[in-house]
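**Student:** To start, I am sharing the structure in question, which I have written as structure tokens.
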Amino acid sequence: MENLGYAGGQVEPGEKGTQAADSRSVASPMNSSITLQTISDDTKTTTSTRDKWGRDIEFMLSCIAYSVGFGNIWKFPYTALKHGGGAFLLPYLIVLFIVGRPIYYLEMILGQFSSRGCVKLYDLAPAMRGIGVAQTIAMFVVMTYYAPVLAITFRYFVASFSSTLPWSECNPSWANCVNSSFVGRLEPTNGTAVGLQSSAELYFLKEVIHKAPSLEDGLGMPDWKLALCLLFAWIVVATILIRGAKSTGKASYFLAIFPYVIIIILLLQTLMLDGAMQGILYFITPQWDKLLSIEVWYEAVTQCFFSLSVCYGGIIAYSSFNNFSNNVHRDAVIISWLDTFTSIVAGCIVFGVIGNLAYVSGQPDIQKLARDGAGLTFMTYPDAIAKFQFLPQLFAALFFLMLFIVG
């Protein structure tokens with residue numbers, strides 16, 4: 001009767017403790033199932049309310065626009081020259097395959113799977129949340145020095161609409177200056193044209209950044225032209241990001257494709273300059289002895305991270321707007337190869353220009369003409385554009401617009 005009573009739902013007073021235990025043992029799997037279902041529902045709710053890219057191609061183009069930038073245009077060429085030219089490509093490609101591409105792919109997977117940014121992502125491992133916070137801080141730090149570079153870029157863009165490029169000719173007050181528009185070959189004094197500086201170099205130092213010989217007189221007053229350009233740069237950044245994935249995705253069609261049109265045009269124009277091939281050969285000729293240097297491999301890792309823009313949280317944020325089934329492996333492979341291709345083409349352009357400068361000045365050591373960072377962007381490139389015979393103003397405007405976009 002007890003069994004029948006229990007089966008019918010009737011429980012004797014002495015059996016309450018036993019039934020409670022049985023109920024708990026039966027209900028536990030159900031509670032686990034309910035909990036998992038709740039988590040699944042919460043995830044679906046988060047995913048459904050989060051913005052998505054309009055099309056899968058918008059994600060890939062946005063990542064291209066994010067990854068391809070100043071690291072390709074100015075840092076890679078100088079780093080390659082400093083560490084063995086063509087020989088630097090070997091450790092760079094090895095690091096790209098072993099370190100760069102896997103991390104890029106990993107960040108895409110984490111963002112797409114979780115549909116969360118780089119901080120909330122680490123709810124899966126709360127002890128590691130500091131990584132996401134550090135990535136966010138690093139991104140803000142990068143923005144603080146990218147924005148002034150964008151301001152200088154926009155200043156050059158505006159100056160490109162002058163009837164004569166202001167950096168193509170020397171100011172009478174500049175000593176030891178040679179016009180950047182000069183396309184011939186200078187007659188050397190005692191073997192080389194010693195001490196000469198291009199008008200593009202002096203324009204950047206004296207007219208744009210107003211470089212002082214020393215800091216004894218202080219930093220001086222801010223330049224109002226650069227201040228306005230800086231304000232404009234921040235307004236553009238805010239406009240692109242204000243609507244999240246929707247506005248960024250639509251802008252990516254222009255931001256990712258247009259720079260390559262300009263890069264190819266500049267490459268073709270550079271190849272027409274006298275001495276350009278000598279500079280390019282210098283760039284791609286390997287110096288194998290430098291492969292044994294630890295510094296070369298260190299620089300390869302640094303360049304790979306900087307060029308792909310990994311570990312800043314941006315890739316995680318972009319991929320969090322993906323559809324769950326998007327093929328991120330395909331995107332990671334395409335973007336990493338395109339990033340490397342861009343670096344190599346930029347290197348050919350830079351060293352083609354440096355080869356022309358060596359030809360014009362009579363300087364046999366090309367390495368002495370190479371500049372790092374901003375000097376490469378705002379001295380070497382403008383010097384090359386000033387030598388274009390057909391509409392240099394147009395190419396200058398397009399180049400600095402391209403540089404503003406990739407920044």
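A Cβ is built for glycine as well, from the same backbone N, Cα and C atoms used for every other residue.
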**Student:** Among S247, S252, S293, S307, which is the one TrEMBL gives for the Na(+) site where V68, N72 also bind?
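**Tutor:** Of S247, S252, S293, S307, S307 joins V68, N72 in the Na(+) site that TrEMBL records.
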**Student:** Please find, within the list 1-30, 181-210, the residue stretch that TrEMBL describes as region 'Disordered'.
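**Tutor:** TrEMBL lists region 'Disordered' for residues 1-30.
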**Student:** What does DSSP call N72 (Na(+) binding site) in the simple three-state scheme?
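**Tutor:** Helix, per DSSP.
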**Student:** Same-chain residues six or more away whose CB lies under 8 A from the CB of V68 (Na(+) binding site)?
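**Tutor:** Result: A256, P259, L338, D339, T342, V406.
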**Student:** Is the transmembrane segment (388-406) in contact with the transmembrane segment (86-106), using three or more Cβ pairs under 8 angstroms as the rule and ignoring pairs under 6 apart in sequence?
**Tutor:** no
**Student:** Can we call the transmembrane segment (333-359) and the transmembrane segment (254-284) in contact, meaning three or more C-beta pairs below 8 angstroms at a sequence separation of 6+?
**Tutor:** yes
**Student:** Three or more CB pairs closer than 8 Å, sequence separation of 6 or more: does that hold for the transmembrane segment (224-242) against the transmembrane segment (137-158)?
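**Tutor:** As far as Cβ distances go (cut-off 8 Å, pairs 6 or more apart), the transmembrane segment (224-242) and the transmembrane segment (137-158) touch.
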